[in-house]
Amino acid sequence: MDTTILGASVVQGMLDAITPLTIIFGAIFLLKTLAASGAMDTIRAGFTNISADARVQVIIICWLFGAFIEGSAGFGTPAAIGAPLLVLLGVPPLAAAVVALIADSTSVSFGAIGLPVLFGMDKGLDAGGVSMAAEQIAALGANATFADYAQQIAMHMITIDLVTGSLIPVVLVCVLTGFFGRNKSFAEGLAIWKFALFAGLAFTIPAWLINYFAGPEFPSVIGALVGMAVVIPAAKKGFLLPAQPWNDFAENDGKAASATEGQPQAAGADVTKPQFSQAAAWTPYLVMAGLLVLSRVVAPLKSFLLSFNISWPGLMGTSLSSGFKTLYAPGAFFVAVCILGFFIFKMKPKAFSGAFTDSCKSMIPTIISLGASVPMVKIFLNSGENAAGLMSMPKALADLLANTMGAVWEWTAPIVGIFGAFLSGSATFSNMMFSGLQFSVADNIGMNHALVLALQGIGANAGNMMCVMNVVAAATVVGMAGRESEIIRKTMPVALAYAFVAGTIAFFWGGF
């Protein structure tokens, strides 16, 4: 590989990292703003009044609220927020960590405003400045972009998840009662299978519709909001629930963490009882969702925002390039909503500045991680740019895998996604590393490219349950640091089963 291409790949990776970094910063800033203002206390208190049944609490907090946080922020945030909240409600710490991680799976497809597909796969399919999917994109229309192809990939993902994803709440309650209940009974979880399936569909059906009409940026955010609007009133009325609530846990497994240990805190935070209405506390998230939808659906507004674009063509004299959509990127909306929150919640300047400072400090590990991993991925993807005429590393691996595993690729593809997430700590990075490989394998064995990429994405979602970074974060916030291996032993079988069922659906259903 030419040293100029090598250097340009590193620069390209660092510039490409700007977009996800701004989104992650904005999401963390909003969470810390809510914590510093006391609005997060109001949101937390609202969940405690829904149901006395721990199974229901797990579904609403981890599956629905977790999906909302995943859609807004991603990168392990849902488990870090949801698990301590469950501990506050009396769920054993180890159980809280396990179910929070398992729940953070289906919604990952559209996490952080669609980053795994729109950014991860886009960059993963970029080969020397030209998308490997250029032919597929062109087939969608003269003005089609990768976002249109990403929507097609996401349709395959969410269609498969109408089955696999909708069953996750059933799995959650079975894991809760089967591994952590006093009687170790899966039947106690299955006692509310109808409600659990109802909650699963309450998210996946709206998510399917949102992706179909608006693309892969909003399904987790809006799907979760719709799901909560449907499931929470149903739970309060006891719809599809037995008369007797369930809280029969075995003796608590370890000392419970502080009720606020996992919640984002900021210097100067106002430590008071909830002081806002639920509507006021949720306003920043609702405004955020509204801004995102308008900016993507209203054509004149979209064109205006896209006009503010920074481009870096011909990096170091090569064909490689990068760019940053300054106002169209969701990070700008997060910051705007944080400023709005400052006024809505009448925050003290010290509390708001503390939230900003803490957000900046929280970004240091992420900056280091992205600053190292994205350039590494770009080198991997651009390795085909060499004077010797050698094929790229993804292509070479794809040829090998197609020859050895091509006959069972429906099941192999999601395993590759799991491996990528476990290795890199993120579904987005998994998609960046292996989308090119998956596309090349699809070429070699004649499979539907979008379907194979969907299986990659689903595998990456499943890997989110067991990737070391997320497991360590979830264990730490509930006071279970050092017991990560126990958590992985509980989540790994679920991740593998998720991948197997998705592969089986793809095998029998084909390209839809």
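Even glycines carry a Cβ here, placed using N, Cα and C.
According to TrEMBL, the features are:
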| type | residues | note |
| --- | --- | --- |
| TRANSMEM | 17-35 | transmembrane segment |
| TRANSMEM | 56-75 | transmembrane segment |
| TRANSMEM | 81-103 | transmembrane segment |
| TRANSMEM | 153-180 | transmembrane segment |
| TRANSMEM | 192-212 | transmembrane segment |
| TRANSMEM | 218-235 | transmembrane segment |
| TRANSMEM | 327-345 | transmembrane segment |
| TRANSMEM | 462-482 | transmembrane segment |
| TRANSMEM | 494-511 | transmembrane segment |
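With Cβ pairs under 8 Å as the measure, the transmembrane segment (56-75) is packed most heavily against 218-235, out of 17-35, 192-212, 218-235, 494-511. Beyond the transmembrane segment (327-345), the same-chain residues lying 6 or more positions past its ends with a Cβ under 8 Å from any Cβ of the stretch are 19, 21-23, 25-27, 29-30, 33-34, 37-39, 112-113, 217, 276, 280, 283-284, 287-288, 291-292, 295, 302, 305-306, 308-309, 352, 355. If one looks beyond the transmembrane segment (17-35) by at least 6 residues along the same chain, the residues whose Cβ comes under 8 Å of a Cβ in the stretch are 43, 72-75, 77, 81, 112-113, 115, 119, 263-266, 269, 281, 284-285, 288, 324-325, 329-335, 337-338, 341-342, 347, 352, 355-356, 358-360, 362-363, 366-367, 370-371, 374, 428.
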